[in-house]
Amino acid sequence: MRLIVLSLLFTSTLAWFYGRDEPDRWSVGGVWPLPQKIIYGSKNRTLTYDKIGIDLGDKKDCDVLLAMADNYMNKWLFPYPVEMKTGGTEDFIITVTVKEECPGGPPVHGASEEYLLRVSVSEAVINAQTVWGALRAMETLSHLVFYDQKSQEYQIRTAEIFDKPRFPVRGIMIDSSRHFLSLNVIKRQLEIMSMNKLNVLHWHLVDSESFPYTSQKFPELHGVGAYSPRHVYSREDISEVIAFARLRGIRVIPEFDLPGHTSSWKGRKGFLTECFDEKGEETFLPNLVDPMNDANFDFLAEFLEEVTETFPDQFLHLGGDEVSDYIVECWVRNKKIRKFMDEKGFGNNTVLLENYFFEKLFSIVEKLKLKRKPIFWQEVFDNNIPDPNSIIHIWKGNTHEEIYEQVKNITSKNFPVIVSACWYLNYIKYGADWRDEIRGTAPSNSRYYYCDPTSFNGTDTQKNLVLGGIAAIWGELVDNTNIEARLWPRASAAAERLWSPAEKTQKAENAWPRMHELRCRLVSRGYRIQPNNNPDYCPFEFDEPPATKSEL
């Protein structure tokens with residue numbers, strides 16, 4: 001009896017210390033992100049591999065749905081490393097009905113992802129307007145499937161679900177300039193994105209450190225700017241990523257940051273300004289575009305035409321952040337630039353020179369043959385005169401309240417916004433930062449689950465201008481070896497915030513049993529998903545392939 005009492009006392013003390021319950025408390029057949037409306041039935045249905053099928057109806061030739069059926073039937077519905085039972089008594093057919101035709105290209109902004117899913121003991125029925133909605137429904141259905149340890153059987157919960165996303169933009173930003181990311185690693189993140197119902201990959205392709213994008217028209221860019229000839233993405237590589245993303249209902253938005261963060265563009269002669277230190281000596285690292293040279297704008301026009309031919313998405317991210325970090329060295333101390341400013345009547349006002357550059361860039365974007373809606377980081381709004389057609393990408397704010405004030409200010413000027421400031425996942429501290437405020441970090445760099453981009457005092461018109469959010473993972477200390485575990489499941493907190501109803505997702509303590517089940521589900525599917533709720537375990541843990549004999 002004494003041992004039992006001590007054990008109970010120790011367990012409850014741990015629960016208090018970690019701020020959570022027992023480490024095996026997870027939901028069973030819980031859906032992540034939480035649907036708009038879900039009603040569970042009272043019965044479960046045993047599933048066996050030989051008695052389950054998918055009926056695509058009149059869309060049986062649609063490549064998106066065929067890939068979906070293959071992925072779920074052969075990998076994701078039955079992910080656990082257990083012997084599959086066969087010989088069920090009745091077939092279980094998943095019937096998929098999609099109203100619109102199978103699209104030939106990737107999803108477009110605002111495409112419907114709404115679906116209705118009904119699961120009974122005899123069948124499952126999916127109804128969706130688009131194939132993208134059907135993809136989301138199938139992922140939800142897979143969350144209803146669980147492995148019962150006692151009966152050693154796969155079962156599915158019966159349920160009726162109506163669902164659609166809260167925001168049209170729900171994404172991840174990856175940075176392949178600071179550290180090159182392989183195609184396989186990028187594809188793995190796309191798979192996990194689809195399992196979290198995220199639909200935008202913001203690809204920060206180039207930055208000061210390297211230029212891995214292969215330009216067919218201007219091969220000198222990657223020829224000089226890439227880390228090595230191996231650290232590049234060919235047009236075929238990019239097309240492969242876009243095609244892979246499409247089959248999972250994900251758009252790919254490229255970013256080419258201008259006019260700063262451009263050291264790696266050094267292969268283009270005359271594109272960058274000369275920069276000088278306090279003694280007037282030229283520095284080795286120019287990092288701003290030379291706005292004096294009209295040939296640079298001709299080059300950008302041709303270069304961006306090529307980019308739009310490579311990336312089909314209607315959004316194009318053109319950066320615009322942190323220009324002020326380089327202005328003194330590269331513009332103020334540059335005598336040629338100062339003379340140009342005098343000739344233009346700008347005096348000492350470098351903001352006017354920035355405006356000059358951006359006006360030229362806006363004109364280039366407006367004249368693109370394949371029309372694009374530009375996205376800019378928020379400095380272009382804060383310091384300059386943004387094109388009225390622009391989307392403003394918010395990355396600043398030390399608290400959630402400061403972030404909300406930024407959103408309020410920008411939307412009050414009638415600009416649509418995308419929010420990333422809440423979810424900078426490259427910042428790491430010890431603890432469950434998805435739900436807790438972590439000591440030593442700004443609140444915006446923790447408590448990811450609690451950031452709601454529309455939690456500001458504004459009009460409905462303003463709140464409708466909030467397109468959604470993108471969780472960012474900057475690459476200074478992130479590469480192929482750690483991006484997956486660092487992203488997931490922390491990005492899953494943002495995924496639920498951007499998909500699910502705000503009023504139903506107010507408390508992380510109510511969400512973490514579902515997140516625990518999500519983590520274990522993804523681990524069983526073969527992904528490196530780090531612990532997120534302090535001490536816990538999964539029924540089937542992640543494992544590496546066995547060592548070869550030579551390693552023993």
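Glycine is treated like the rest: Cβ placed from N, Cα and C.
Just so it is clear, the model here is predicted, and its values are computed rather than measured.
Swiss-Prot lists 1-15 with the feature signal peptide.
Taken residue by residue with DSSP, Asn44 (N-linked glycosylation site) is part of a strand. Annotation source Swiss-Prot lists N-linked glycosylation site at Asn44 (among others), citing sequence analysis.
Counting Cβ atoms from all protein chains shown, Glu322 (active site, proton donor) has 15 others lying within 10 Å of its own Cβ. Look at Glu322 (active site, proton donor): DSSP puts it in coil. Per Swiss-Prot, the feature active site, proton donor maps to Glu322; the stated evidence is similarity to another entry.
When secondary structure is read from DSSP and collapsed to three states, Asn348 (N-linked glycosylation site) falls in the coil class. For Asn348 (N-linked glycosylation site), the same-chain residues that are 6 or more apart in sequence and have a Cβ closer than 8 Å to its Cβ are Val332, Met341. Among the features that Swiss-Prot reports, N-linked glycosylation site is placed at Asn348 (among others).
The N-linked glycosylation site annotation in Swiss-Prot covers Asn409 (among others) and rests on sequence analysis. There are 19 other Cβ atoms within 10 Å of the Cβ belonging to Asn409 (N-linked glycosylation site).
Residues near Asn457 (N-linked glycosylation site) in space but far in sequence (CB under 8 A, at least 6 apart, same chain), listed by position: Lys408. When secondary structure is read from DSSP and collapsed to three states, Asn457 (N-linked glycosylation site) falls in the coil class. Look at Swiss-Prot and you will find Asn457 (among others) tagged as N-linked glycosylation site, backed by sequence analysis.
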Cβ contacts of Asn44 (N-linked glycosylation site) (under 8 Å, same chain, 6 or more positions away): Gly29, Val121, Gln155, Ile156, Arg157, Thr158
Alpha-carbon spacing, Glu322 (active site, proton donor) to Asn409 (N-linked glycosylation site), which is rounded to whole Å: 20
